[in-house]
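Visitor: Here you go, one structure.
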Amino acid sequence: MEEEAPSLSTTSPLLLHERCRHHLRLKTTLCAELSGAVGDLGTYIPIILALTLVSHLDLSTTLIFTALYNFTTGLLFGIPMPVQPMKSIAAVAISESPHLSLPQIAAAGLSTAGVLLLLGATGLMSFLYRFLPFPVVRGVQLSQGLSFAFTAVKYIRFNQDLAASKSTSPRPWLGLDGLLLALSSLLFIVLATGAGDNDHTHNPSTENTINRRRSPRLNQRLKVLSQIPAALVVFLFGLILCFFRDISILGDLKFGPSKITLLKITWEDWKIGFVRGAIPQIPLSILNSVIAVCKLSGDLFPDREASARTVSISVGVMNFVGCWFGAMPVCHGAGGLAGQYRFGGRSGASVVFLGIGKLVLALLFGNSFVSVLNQFPIGILGVLLLFAGIELAMASKDMNSKEESFVMLVCAAVSLTGSSSALGFGCGILLFLLLKLRELEFSRVGFLKSRSEESSKDDEATSLIP
């Protein structure tokens, strides 16, 4: 059962201060939290970079506002709650012609935010979260995880035209963004983190049992490897390679943030943004940015499960603050949470560290930093995204029956082949209800049959009585 976060109005300053300290207290090592901070950049960087190139998104403004969102979510939730671009709006803005303008993107984000804010404030989101069938939620998570993994493999295997949102020629083996570099990064992360099962905080007895089965030397070696902030090392290595790929980007960097301006959104922008951007984004935000995120937070952090009401209101408020100024519409994504957890994030401090990094880059370099991101090895981003997707998909391994697995897999399959979480969700709900109806019908038949048999037996017994 989800717990509602205490409201600020009913919380004393002292209790609020203690709550913030508790949420920002490191739950693991500093290196692990820093490594977890970059766990969701495999989705964040490609989308932000593509929107900057295609729709002239203001990178500096987006970095500043998403940094503020990171600070807020770290304090509010106490877990590495991610802040990611709204993917459906981004896909429409990049891939469909004509491209959405920046005011239309903002209108789409504000429309989506309004719906989520309404659902959260009225309690309808909590109602949905409480009564949605568990296998259907798992199916949505599985489809999102596999979708991330498929995209990651494309990033690794093929060169990417982010402005056109498509893969091009096969990636060469050699080079500063070659296949060999991506595979080396993947192998390094696997050697350092294994299958992501180094953390047993939910069940310490499990760790003791596993350690007793291993030799002391092996335990020591695995302990040393687990202390390596693998994702952070790979990301920083990719950042260094940016300058080796094109040293001229040093001349493109300019100090100072860009000017933040208020967007002018016309009535036509509202209509286009809502129809083309918000309508496909709203079901995705409800399912993946709220329902799936809350369920995953309960799986990964049983004592700190996020409230559906709070997450929904959080998405609404964030966008009502930033979209008016041209910041990219954002949400909380289950894939981002899985990625940050996979690489070591265990507390709100992890996303606060990420926010600090974004804010520093925005204030130092502003929009000129896009020239650096444009040279970042896409293969490395694909590796980070691959682990995030697999971690999210693995949350679906806890089905208790063949019937639950059946519903989950059908929901995931329809979501993937139909390229729509809403379509898969609808099919999953329908299948779940049909299976329950089937059981209900059989139970009624059995009940009637048993009652008729009992009646006939009573009649026979009565006839034998003299």
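Just so you know, glycine gets a Cβ as well, placed from its N, Cα and C.
Worth saying up front: this structure is predicted, and the values here are computed from it rather than measured.
Below are the features listed in TrEMBL for this protein:
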type	residues	note
TRANSMEM	59-79	transmembrane segment
TRANSMEM	105-129	transmembrane segment
TRANSMEM	135-153	transmembrane segment
TRANSMEM	174-195	transmembrane segment
TRANSMEM	224-244	transmembrane segment
TRANSMEM	351-370	transmembrane segment
TRANSMEM	376-394	transmembrane segment
TRANSMEM	406-435	transmembrane segment
Visitor: What stretch in 59-79, 135-153, 174-195, 224-244 has the biggest tally of Cβ pairs under 8 Å against the transmembrane segment (376-394)?
Guide: 135-153
Visitor: For the transmembrane segment (224-244), which stretch among 59-79, 135-153, 174-195, 351-370, 406-435 has the most Cβ pairs under 8 A?
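Guide: Answer is 174-195, with the largest number of Cβ pairs below 8 Å.
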Visitor: Top stretch among 174-195, 351-370, 406-435 for CB pairs under 8 A with the transmembrane segment (59-79)?
Guide: 351-370
